[in-house]
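**Q** According to TrEMBL, the feature domain 'BAR' maps to 24-291. Here TrEMBL flags 283-311 as region 'Disordered'. If you look up TrEMBL, you'll see 285-301 marked as compositional bias 'Gly residues'. Per TrEMBL, domain 'SH3' is recorded for 307-367.
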Amino acid sequence: MDFNMKKLASGAGVFFTRAVQFTEERLGQAERTEPDADLERLAGRADVTRLWTERICRQTEVLLRPNPGVRMEEFLYEKLDRTAPQRPASGQLLGRHMEDAARSLGPELAYGRGLLLVGACEQRLGRAEREFSQVSAVALIGPLRDFLEGDWSLITKERRLLENRRLDLDACKARLRRAQAAESKAAVSLSTQPDFQETRPRNYVLSASASGLWTQEVEKAGDELQRAQAEFDQQAEVTKLLLGDISSTHVNHLRCLHEFVEAQAAYYKQCHLHMEDLQKELAGSAGGSGQQGEQSGGGGDPPSPPPGSRRARVLFDYDAADASELSLYADQLITVYTVPGMDSDWLIGERENHRGRVPVTYLELLS
């Protein structure tokens with residue numbers, strides 16, 4: 001207990017000394033040790049890096065998640081160390097509304113078929129957007145946050161420790177100057193004393209004793225100054241090494257920036273392909289509607305689906321392995337039916353003017 005009290009008192013004394021030194025510097029009543037120019041240059045570059053890293057990270061989050069409510073919710077879940085619920089992208093919600101509208105209006109209408117096609121495309125665009133957001137969060141936002149929460153926190157800690165070492169050093173310098181001034185004053189007072197054999201020998205003895213005490217105080221202050229200077233120099237080197245690592249941080253962030261650009265380019269390319277496919281499907285649907293209208297105007301009935309056919313929703317994207325199969329996109333609505341002799345793992349699927357075999361495991365049969 002006694003040891004803890006002594007340690008607490010010592011820590012309080014150091015804190016008070018630093019506070020006094022800091023206050024006197026602010027008031028212009030104490031000298032301040034300035035760091036070398038190289039350290040100042042490295043510190044300035046580090047501060048600029050931290051500033052723009054925070055801004056880029058924050059604005060990238062705005063780009064990927066424009067809704068501030070969603071960003072706040074994810075922030076709270078992150079602070080609570082919980083996983084945020086998966087939210088569909090805006091395009092996916094729009095696609096679902098369009099498909100629901102098509103089922104309500106009737107998919108046999110031209111407008112209904114158009115809503116189905118556009119809705120399926122919007123869902124594909126929404127999934128591509130979610131994938132892009134996930135990849136970007138790992139490629140760019142994650143490394144930027146790691147720097148701010150890891151490397152920069154360590155740099156800030158070491159710079160704060162360097163500032164404390166500087167305050168200790170300047171306090172020791174001030175203490176040494178005061179001790180030297182008192183020693184000089186005591187020496188002058190001693191030299192002006194009259195012969196101690198004539199008058200006041202006791203005063204002379206006291207002056208000599210005070211001069212000796214101040215000499216010891218100067219020696220003690222000099223030792224403390226040397227120790228404080230060594231600690232300051234050592235901490236300055238440690239801080240300079242950490243600040244110098246900002247160059248490697250720039251290299252790492254540049255690599256992350258390349259990955260982000262590649263992900264963004266792949267995302268826009270995928271969106272462009274989806275839109276081209278949608279334009280072709282809409283054009284084919286418009287042509288089929290015109291032919292159907294002509295046949296209806298001539299008195300003929302529109303072609304009906306085969307007996308036993310059902311509607312089905314595509315669960316996953318599927319690329320046809322050969323000409324006998326039908327390529328599918330997730331969330332599409334197609335017509336499926338069986339034919340005699342076909343394997344139970346396959347169905348015949350029809351989508352607009354295309355027909356082919358589709359795997360049952362990729363479908364959700366609707367009533």
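Using the three backbone atoms N, Cα and C, a Cβ is placed for every residue, glycine included.
Fair warning: this is a prediction, and the values are worked out from it, not measured in the lab.
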**Q** Mind tallying the domain 'SH3' (307-367) by DSSP state, helix then strand then coil?
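**A** Going through the domain 'SH3' (307-367) residue by residue, I get 3 helix, 28 strand, 30 coil.
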**Q** Summarise the model confidence on the domain 'BAR' (24-291) as a single mean pLDDT, whole number.
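**A** PLDDT averaged over the stretch: 82.
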